[in-house]
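Chemist: The feature signal peptide is assigned by Swiss-Prot to 1-27, with experimental evidence given as support. The annotation topological domain 'Extracellular' is assigned in Swiss-Prot to 28-758, 763-956. The N-linked glycosylation site annotation in Swiss-Prot covers ASN43, ASN52, ASN242, ASN282, ASN322, ASN445, ASN541, ASN633, ASN651, ASN769, ASN782, ASN933 (among others). Residues or ranges marked as domain 'Fibronectin type-III 1' in Swiss-Prot: 624-726. Among the features that Swiss-Prot reports, region 'Insulin-binding' is placed at 733-741. Swiss-Prot lists SER1033, LYS1057, GLU1104, LEU1105, MET1106, ALA1107, HIS1108, GLY1109, ASP1110, ARG1163, ASN1164, ASP1177 with the feature ATP binding site. Residues or ranges marked as ubiquitin cross-link by Swiss-Prot: LYS1079. The feature S-nitrosocysteine is assigned by Swiss-Prot to CYS1083, with experimental evidence given as support.
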Amino acid sequence: MATGGRRGAAAAPLLVAVAALLLGAAGHLYPGEVCPGMDIRNNLTRLHELENCSVIEGHLQILLMFKTRPEDFRDLSFPKLIMITDYLLLFRVYGLESLKDLFPNLTVIRGSRLFFNYALVIFEMVHLKELGLYNLMNITRGSVRIEKNNELCYLATIDWSRILDSVEDNYIVLNKDDNEECGDICPGTAKGKTNCPATVINGQFVERCWTHSHCQKVCPTICKSHGCTAEGLCCHSECLGNCSQPDDPTKCVACRNFYLDGRCVETCPPPYYHFQDWRCVNFSFCQDLHHKCKNSRRQGCHQYVIHNNKCIPECPSGYTMNSSNLLCTPCLGPCPKVCHLLEGEKTIDSVTSAQELRGCTVINGSLIINIRGGNNLAAELEANLGLIEEISGYLKIRRSYALVSLSFFRKLRLIRGETLEIGNYSFYALDNQNLRQLWDWSKHNLTITQGKLFFHYNPKLCLSEIHKMEEVSGTKGRQERNDIALKTNGDQASCENELLKFSYIRTSFDKILLRWEPYWPPDFRDLLGFMLFYKEAPYQNVTEFDGQDACGSNSWTVVDIDPPLRSNDPKSQNHPGWLMRGLKPWTQYAIFVKTLVTFSDERRTYGAKSDIIYVQTDATNPSVPLDPISVSNSSSQIILKWKPPSDPNGNITHYLVFWERQAEDSELFELDYCLKGLKLPSRTWSPPFESEDSQKHNQSEYEDSAGECCSCPKTDSQILKELEESSFRKTFEDYLHNVVFVPRKTSSGTGAEDPRPSRKRRSLGDVGNVTVAVPTVAAFPNTSSTSVPTSPEEHRPFEKVVNKESLVISGLRHFTGYRIELQACNQDTPEERCSVAAYVSARTMPEAKADDIVGPVTHEIFENNVVHLMWQEPKEPNGLIVLYEVSYRRYGDEELHLCVSRKHFALERGCRLRGLSPGNYSVRIRATSLAGNGSWTEPTYFYVTDYLDVPSNIAKIIIGPLIFVFLFSVVIGSIYLFLRKRQPDGPLGPLYASSNPEYLSASDVFPCSVYVPDEWEVSREKITLLRELGQGSFGMVYEGNARDIIKGEAETRVAVKTVNESASLRERIEFLNEASVMKGFTCHHVVRLLGVVSKGQPTLVVMELMAHGDLKSYLRSLRPEAENNPGRPPPTLQEMIQMAAEIADGMAYLNAKKFVHRDLAARNCMVAHDFTVKIGDFGMTRDIYETDYYRKGGKGLLPVRWMAPESLKDGVFTTSSDMWSFGVVLWEITSLAEQPYQGLSNEQVLKFVMDGGYLDQPDNCPERVTDLMRMCWQFNPKMRPTFLEIVNLLKDDLHPSFPEVSFFHSEENKAPESEELEMEFEDMENVPLDRSSHCQREEAGGRDGGSSLGFKRSYEEHIPYTHMNGGKKNGRILTLPRSNPS
């Protein structure tokens, strides 16, 4: 912080002088002064220096004002400021709420020098509510970083692409705008007007503004960055930002290239030079800057030079300055970097001060080293001072307690001594308590031209080291008697050393045992012990003082060793020694030992020290091979790849690979996979290599032992992205804090977790190759509890020695699992020198025809039309055969399928077909193994004779049915009479009912009554057909006119549904049945029935005309690339909310009418002329969108992509299952009617949803709609909301007309009476939803095998769904006949 302040203070006088020179040249283009860069902090005092500034030549930093309040800024405004040449930084300025008054005319930020790649930084401005830089038109270089501003809004309304050339590197996060809490209102919006220009970003066509009162200025595209006038006319090509007149370079607000004498120019003509990348100056201007800096000798100023037609602060790399003309000339060889020291000397008292001399080769002045502490000093000093080759003055080392050696001056070769310390000293060393070495004189050469040496009070620096320096530096004989103190230098060091020799060395893989010769000083009591030093040394170039300083930084490991017991007999004297433990295998260590002795009375210190020796530990077992990956490229081969061990612990010579075939689980033989609901087992072979990390499985979640969903570790890409994001933020903050004050310590955290949810499934499939490290075993244990019996030869392990990191294993059985063991070895013979094993499982690919049935299919025909089919099993299938599929058909009929389990096949040696009708049959069979289906056999033909041909059966055939018909008639008549008495006909007469007639086929309707015309009947003459609209379920749908069909309207546009002329009676009844269902519906958000024409042919049903067709087609037409796009943009959030509420209101009405839709989808919703969405007429769309349906087994078509899990699994349809479908409709609205679960087949969707899956969030989906979807897709039906609750959630954001027409706000929407809730189940009315006669109801209720499809509806619909902790009480049970294929 202090450093930055000093630099700014030093540079200010020079730049103020520059500003004065430019005042006359500024002209009208810049109305004020050119000011130097400013750092304004702590208070507002210096802010007034901006008052007359038009250009800030440098940066503007406003920061660290914690006591300012909003009223302090109200009278502050600097309208003259137009351009900042570097960057603008605002950081922790309290009370500042907007910049609109502070810098109302700031137009350009050039970004010549950036703040961490950013030209505009707004960081931790706690009170800033808006930027307000409404005249900012151009940021020439750099990006924008706006972060951690808790009150900052109006960010989404700024189109940064109009200000910057590229917005990809912008970083705008963690502001109030991120939380969607901002109510950004552009000028005119509150009054319903559009005053500001609108642009498209990320598909959003939005107005652009800086504040509620200032629009963002958007120039025509052809103007590019030149700007435009207030009328929108383009400025001159040399302008930047704005201008007052078009096509005039003297009327620009700022210049695109350079400014010269009141006009903008492309380049500076001679004799002018480019200065600061924006203006032109002459030679005298640049020369004045050079001389003023040189003469002032102030820190932080620059001695400007001329290079490439530019006036720049210093010569670039590879050039040096010619002092006569200030020109930069190329260097001959390496360029010296001369650093001129202010006041002739510089004191290095910290790493920070040393950094200021980084890169210097010549010091023009004297250096004083006075370092008393610090971290990692030796390395830091070498990095910053290691290139210094020459010092013109003197070198003084004073009270530097942290220094052990001067070897960090690794290139210092000359001390000139042009300036000497008092007493004529050019090298001065005083009171350095830990200095032990000057330089390694065997490798270093130093010359001192003038001056003497001074050494006093360096207690650990031996005199021999000083005398060696005298000889090398050429100063011997210059010193006087008292210049080198004999008593205070080296008085605490072992300077008269003897050489210790090692007598015994023994190694193992993690230990080294050392012994050395005994040593005793003249007084043996002076020996305190030995010090053993060792460290890893890949190369034999280590010196004793490498990396050492006196503050604890030491690259050596030091061990203190007590002296041995002294013996009077030298021959029996024990040799001291030490066992070094915990070493790394196969690693070279540098080792030396020296004595630790006391200070002697004779001022002489004795001691001994060994030379540095190098010892390597032995090899041992390597660590496990890394990342083994297996793939199968054929049915008989597996490719194995791996990486070398992380710790080879020796030279890896080879790898051992073992593999063994794994038996399939015999339990698979015992199960009957033809049973409904039993999942077919499957196995997959090892997939091809995708990357080196393909063995890692990046599932989003897994199930634990209790079957509960657990979060999985994040994928490598997620972790890498989070680490990069965290590192990026930390690096920026460190950079910011380094510039602003002091660098903070790096946090030990791993970074913030991503709060966004990353998973969409509640369950997980099987996992593929998994690698684990286990101890080596001689034979592989069998992992299956029970196995298919196979010969021991097939399962014997195989072994192979490999000399590289890959292997192709051949000769394997097709589609068979193998377990592979991999060991790394670093020696040829002993087995114990190999690593523990890494295991990987793999499976070969299936054989193409291995599952084909061998030989012909034979048959045998028995009585009662039973046929026994027989065939042979595949000889060598892919894994196991789990079932057989038999496909047979009678000539002229549909093909039928029969599943035969393996257990059943083993008993029958085939299967039996029973109850066959007479005729010619063909049959095909295929086997299903763990790998999938085999091929069908060739068809086999047989003939079943007519059962009537047997005379003895004629009587049974005739008499039996007669008895059955008689009994059946009696039962039906009794039931009919009973129900007739208990329940009179409804007001609409007999009724065929269906909860969704689309899935009730004609075969389910017993036609014992006909349609009876009523008040809905319309005369055929009143209907006029105009044009075809499309094909419906029963026939064509037309647009037409109807006269007098609605009271008060002479003629009404309607939709007319017809039935095909070839339709059967049952189809016509079903057609009218649909119309009858619609008669009971009178809701604005449900398509209305207007009338029926049942007299004559064809039958017509007249409906309300929905001008924009079905919702699915309408949404697709809104896609930008759609050919039939009506010119409307995609729906906004407000329009999505309106659609959702209208659909929910219609469904709430149907629910109140005890109607379960069962096929709610966008295709079944219709769009009216005023864009109101209504629930469709339940019959127009299934044939049109037939691909949206799926036939499951022998059932009718099912819309599986819209169905709830309980409907798919158990056939249960309730209002809760309709709510699930409503969530899918919301998904269709936000995705513009994409197909749900795109890329999955219907069978995959079926399994995915039943297993707990649901749809991903569409791109750019509003968070509010996403929340609604998730509410609808609760796996537990009881936890889903009701449609009334949905409308209640959205009611405050709907069109004002909604309450006038909605069911939600109507009198009809009332809670049921309390006595109705007390009904017992026996007393409840069984209400089928198909309008049918009573006889049809009775038959449906008593039909054999007619499994009913039940659903519940709660009367407690006004209780929020989040409180439904138990089952729904007092529910009404309604039974329906199961739908059959239509």
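Placement of Cβ uses the backbone N, Cα and C atoms for every residue, glycine included.
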Chemist: Determine, using Cα-Cα distances only, which of these glycosylation sites is closest to HIS1108 (ATP binding site): ASN52, ASN282, ASN445, ASN651.
Modeler: ASN52
Chemist: Using C-alpha atoms only, work out the spacing between ASN322 (N-linked glycosylation site) and GLU1104 (ATP binding site) and round it to an integer in Å.
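Modeler: With distance taken Cα to Cα, GLU1104 (ATP binding site) is 93 Å from ASN322 (N-linked glycosylation site).
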Chemist: What does the structure give for the C-alpha distance between ASN52 (N-linked glycosylation site) and CYS1083 (S-nitrosocysteine)? Integer Å is fine.
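Modeler: ASN52 (N-linked glycosylation site) to CYS1083 (S-nitrosocysteine), Cα-Cα distance: 70 Å.
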Chemist: Find the one among the recorded positions ASN43, ASN445, LYS1079 whose C-alpha lies closest to that of ASN282 (N-linked glycosylation site).
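Modeler: Nearest candidate: ASN43.
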Chemist: Restricting the comparison to the recorded positions ASN651, LYS1079, GLU1104, MET1106, ASN1164, which residue's C-alpha is spatially nearest the C-alpha of ASN933 (N-linked glycosylation site)?
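Modeler: Checked the recorded positions ASN651, LYS1079, GLU1104, MET1106, ASN1164; minimum Cα distance to ASN933 (N-linked glycosylation site) goes to ASN1164.
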Chemist: How many whole Å apart are the CA atoms of LYS1079 (ubiquitin cross-link) and ASP1110 (ATP binding site)?
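Modeler: Roughly 21 Å, rounded to the nearest whole number.
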Chemist: Is LYS1079 (ubiquitin cross-link) helix, strand or coil when read with DSSP?
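Modeler: Where LYS1079 (ubiquitin cross-link) sits, the three-state DSSP reduction gives helix.
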Chemist: Which of the recorded positions ASN43, ASN541, ASP1110 has its Cα closest in space to the Cα of ASN445 (N-linked glycosylation site)?
Modeler: ASN541
Chemist: What residue among the recorded positions ASN242, ASN1164 has the most other CB atoms lying within 10 A of its CB?
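Modeler: It comes out as ASN1164.
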Chemist: Reduce the DSSP letter at MET1106 (ATP binding site) to three states and note it down.
Modeler: coil
Chemist: Between the binding-site residues GLU1104, ASP1110, whose Cβ has more other Cβ atoms within 10 Å than any of the rest?
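Modeler: It comes out as ASP1110.
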Chemist: Could you check which of the recorded positions ASN242, ASN541, ASN633, ASN651, CYS1083 is the closest Cα neighbour of MET1106 (ATP binding site)?
Modeler: CYS1083
Chemist: Can you name the residues of this chain that are 6 or more positions from ASN43 (N-linked glycosylation site) yet have a C-beta less than 8 Å from its C-beta?
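Modeler: Set apart from ASN43 (N-linked glycosylation site) by at least 6 residues yet with Cβ under 8 Å, we have MET65, LYS67, THR68.
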Chemist: Around ASN651 (N-linked glycosylation site), which residues of its chain at least 6 apart sit with Cβ under 8 Å of its Cβ?
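Modeler: Result: TRP586, ALA619, ASN826.
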Chemist: Check the glycosylation sites ASN445, ASN633, ASN933 for other C-beta atoms within 10 angstroms of each C-beta and report the one with the most.
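Modeler: Highest number of other Cβ atoms within 10 Å: ASN633.
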Chemist: Looking only at Cβ atoms, how many others are within 10 Å of the one on MET1106 (ATP binding site)?
Modeler: 23
Chemist: Between the residue listed as 'S-nitrosocysteine' and ASN633 (N-linked glycosylation site), how many Å separate their Cα atoms?
Modeler: 63
Chemist: LYS1079 (ubiquitin cross-link) has how many other Cβ neighbours within 10 Å of its own Cβ?
Modeler: 17
Chemist: Give the three-state DSSP assignment (helix, strand or coil) for ASN445 (N-linked glycosylation site).
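Modeler: In the DSSP reduction, ASN445 (N-linked glycosylation site) maps to coil.
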Chemist: I want to verify one value. Collapsing DSSP to three states, which class is ASN1164 (ATP binding site)?
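Modeler: The three-state answer is helix.
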Chemist: Which state, by DSSP, holds ASN43 (N-linked glycosylation site): helix, strand or coil?
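Modeler: Its secondary structure by DSSP: coil.
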Chemist: Could you tell me which of these glycosylation sites, ASN52, ASN282, ASN541, has the fewest other Cβ atoms within 10 Å of its Cβ?
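Modeler: Among the glycosylation sites ASN52, ASN282, ASN541, the lowest count of other Cβ atoms within 10 Å belongs to ASN541.
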